[in-house]
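**Q** Here it is, the structure, as structure tokens.
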Amino acid sequence: MLNIKYILENKELVRDKLISRNFDITIFDNFLSLAQERGKLMSSAQEQKSKLTKLSKQFGIYKNDLEKLSLLKKEIEKVKSLETQLTNQANELNFKLDEILATIPNLPLDEIPFGKDENDNKVINVYEIGTKKDFEKPHYEIASELNMIDIPRAVKQSGSRFVIYKNEGSKLVRALINFMLDLHKQKGYDEFLTPYLVRSEMLFGTGQLPKFKEDMFKVENSDLYLIPTAEITLTNYYNNEIVNLDKPFKACAYTECFRSEVGSSGKDTKGIIRQHQFKKVEIVKVTTKDDAIKEFNLMLEDAKNVLFKLEIPFREVLLSTGDMGFSSRKTIDLELWLPSESKYREVSSVSYMGDFQARRAKIRYKNQDQKTEYAHTMNGSALAVDRLVAAIIEQYLDTDGNLVIPKVLVPYMGMDKIYKK
């Protein structure tokens, strides 16, 4: 959530940033109009309050004049009533302003390229590690032949966009999860195992609500939602708390994630690239304003390190203003090479949020002067498991149709190859 004081002191700057994010600027104009009206009401209420103070001092003057004392009391009641009325009207506008503020996205950093959508994103680096293969056979056909997945039976049980991993397929998933968690723990992240169901307040804190309600699965007759990412549970670990941030809070977690994929009709209908239920290892940091950018850059390296270790070709992409997430000030996507599609596919988004989420979730800390400030948050997929599985299957298939296991996963798998049956 943005700081109202900052908005009102930097109206044109905020307007330009919101325009760059394709935000409906009429909503912002309405916000400014209501804020101006609220300001007038608060000023008028303060005038009545000052008037009350002056009138109250006259009791001593008229204590022996009952007629004037009676008139004074009536005047005081009149002023009190008006002051209460003005204050109530201002409070009503405060509520409306908070409702609008909850829908206004974060402001991109100055370095973010202006753009309408993903076509305006900027490729920063391309890492040609391993062997960048190029062939037509997709991961889901290979995995089925190797008896690693069963999509038809998953569809029978749950409908489209689900998969059943089995045999070496489920073992590969488990190996990837354990490998990534171990890697992040070596970098100082604490490991968590969190709930998959959270209350709406937590989703508001990280910015999924109210805007993305249709993207999530909600439990009927309940305030509980299935999480679309562990960002929610890890960031909200300190919801409504004052935290000691002498050292950054660094957390990692594996979770199942759930998304309705509204608006994705017809996209990636085959395979395991886009599912309603998917697996992800997430890393999150909560830190001070002064350390935030440094910690973000380190977090990005931690996410990239997974792909370097797995020797999968990938590229680094800075998202434009028109393609960034609602809560983000800066997002860098890591996209791995998928041979069957002859293109790069996102496997991670690493995002810096500034104090946007912390304001919504009321996560605070004491600075060096012992003044309370909002913390700065950031998160990243490190990485999305199913898409890693797809890339490994396509990148590591040998000429005999067997799947070579990446070297770093051999200790976790207990084998160096999955043989064609």
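Any Cβ shown, glycine's included, is placed from N, Cα and C.
Note that TrEMBL annotation is computational and uncurated.
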**Q** Can you say which of 69-99, 131-161, 348-378 is given as coiled coil in TrEMBL?
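**A** Of the candidate stretches, TrEMBL labels 69-99 as coiled coil.
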**Q** Quick check on the annotation: TrEMBL has THR229, ALA230, GLU231, ARG259, ASN379, SER381 binding L-serine, so which of GLU201, GLU282, GLU295, GLU346 does it put in that site too?
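**A** That L-serine site, as TrEMBL gives it, pairs THR229, ALA230, GLU231, ARG259, ASN379, SER381 with GLU282.
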**Q** Taking DSSP three-state, what's SER260 (ATP binding site) in: helix, strand or coil?
**A** coil
**Q** List only the single closest residue to GLU231 (L-serine binding site), chosen from the binding-site residues GLU261, GLU346, VAL347, SER349 by CA-CA distance.
**A** SER349
**Q** When DSSP is mapped onto helix/strand/coil, what comes out for THR229 (L-serine binding site)?
**A** coil
**Q** Which residues in the same chain, at least 6 apart in sequence, have a Cβ under 8 Å from the Cβ of GLU282 (L-serine binding site)?
**A** THR229, ALA230, GLU231, LEU234, CYS252, ALA253, TYR254, THR255, ASN379, GLY380, SER381, ALA382
**Q** Among all protein chains shown, how many Cβ atoms are found within 10 Å of the Cβ of SER381 (L-serine binding site), not counting that one?
**A** 25
**Q** Using a 10 angstroms cut-off on Cβ to Cβ distances, just flag whichever of THR229, SER260, SER348, SER349, ASN379 is the loneliest among these binding-site residues.
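**A** If we count Cβ atoms within 10 Å for the binding-site residues THR229, SER260, SER348, SER349, ASN379, the smallest count is at SER260.
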**Q** Tell me which of the binding-site residues GLU231, GLU261, GLU346 sits in the most Cβ-dense spot, judged by other Cβ atoms within 10 Å.
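**A** Checking each of GLU231, GLU261, GLU346, the winner is GLU231.
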